[in-house]
Amino acid sequence: MLNKLTRRKKTVSDDTKKDVLHGDIPVHIAIIMDGNGRWAKQRGLPRVAGHREGMNVVRSVVRSCNELDVKILTLYAFSTENWKRPKTEVDFLMKLPEKFLSVELPKLIEENVRVRITGDIERLPEFTKKAVNEAVETTKNNNGLILNFALNYGSRSELMDAFKSMYADVREGVLDEQHISEETVTDYLMTSGLSEPDLLIRTSGEIRLSNFMLWQLAYSEFWFTEVLWPDFDQENFYEAIQAYQQRQRRYGGV
Ligand code: FPP
């Protein structure tokens with residue numbers, strides 16, 4: 001039975017789906033999945049219960065992206081700053097990729113999804129690395145949705161690493177400093193090869209970027225909702241895309 005704190009997950013009608021499919025579908029959607037801790041606290045549960053529920057929402061968002069033929073979905077799953085959290089919470093978060101992939105990988109393969117990781121995975125525990133590397137390897141030839149997990153990712157350190165690599169390449173004569181362009185910087189980022197997000201969604205009412213894709217989000221459309229990530233449902237996801245479809249992207253022009 002649903003208790004008063006459980007928000008019934010809403011799905012959208014076939015008519016809404018058709019309407020949305022007639023509009024411009026964002027090629028790349030990036031999501032800051034926020035509010036798991038508050039969701040759990042509201043229910044008197046440990047914070048990790050929010051993360052577990054949040055993982056289930058990932059499943060449903062992946063399904064919606066497939067339905068709409070979104071090409072890239074980037075999910076901010078663990079930031080370089082999240083190491084500051086209590087050890088029990090970090091340990092739990094580190095288990096989620098393995099937990100998720102042990103159930104979902106066969107389905108992702110069936111759905112032609114390609115798993116990709118953006119972030120420094122070297123610092124992750126062996127079992128996390130193993131699970132994500134296996135998913136990346138097994139799905140590398142798939143050409144459907146790219147499911148890009150930002151794991152141990154921080155945009156400033158990504159940019160610093162890119163600048164250091166460019167500097168080293170200039171010194172070694174591999175890169176000509178006269179020819180460094182915006183495209184060059186883009187190519188040195190961890191997201192090299194991926195188009196920039198068209199739409200950024202952040203849940204839980206926080207209006208900030210939290211060190212997420214600072215370069216890549218320069219011209220993205222932003223959509224914020226008060227809904228906490230574990231409550232985020234198909235209706236909310238479509239709402240975000242419908243809002244995106246109303247926007248006029250001018251990229252600094254008129
Ligand atoms: C932010 O909410 C959320 C995170 C730091 C973790 C997000 C991870 C998931 C949703 C699961 C990911 C699933 C896979 C498969 C890797 P918060 O804890 O900061 O919430 P609060 O602001 O309410 O405390």
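Yeah, the Cβs are placed from backbone N, Cα and C, and that goes for glycine too.
Note: TrEMBL annotation is automatic and uncurated.
Here is what TrEMBL records for this protein:
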ACT_SITE  D34  active site
BINDING   D34, E221  Mg(2+) binding site
BINDING   35-39, R47, H51, 79-81, W83, R85, R202, 208-210  substrate binding site
ACT_SITE  N82  active site, proton acceptor
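Among the recorded positions listed (G35, N82, R202), G35, N82 have a CB atom closer than 6 Å to some atom of ligand 1, in sequence order. The Cβ of W83 (substrate binding site) has 12 other Cβ atoms within 10 Å, all protein chains considered. Secondary structure from DSSP puts N82 (active site, proton acceptor) in a helix. Here D34 (active site) is compared against the recorded positions T80, N82, R202, L209, E221, and the shortest C-alpha distance is to R202.
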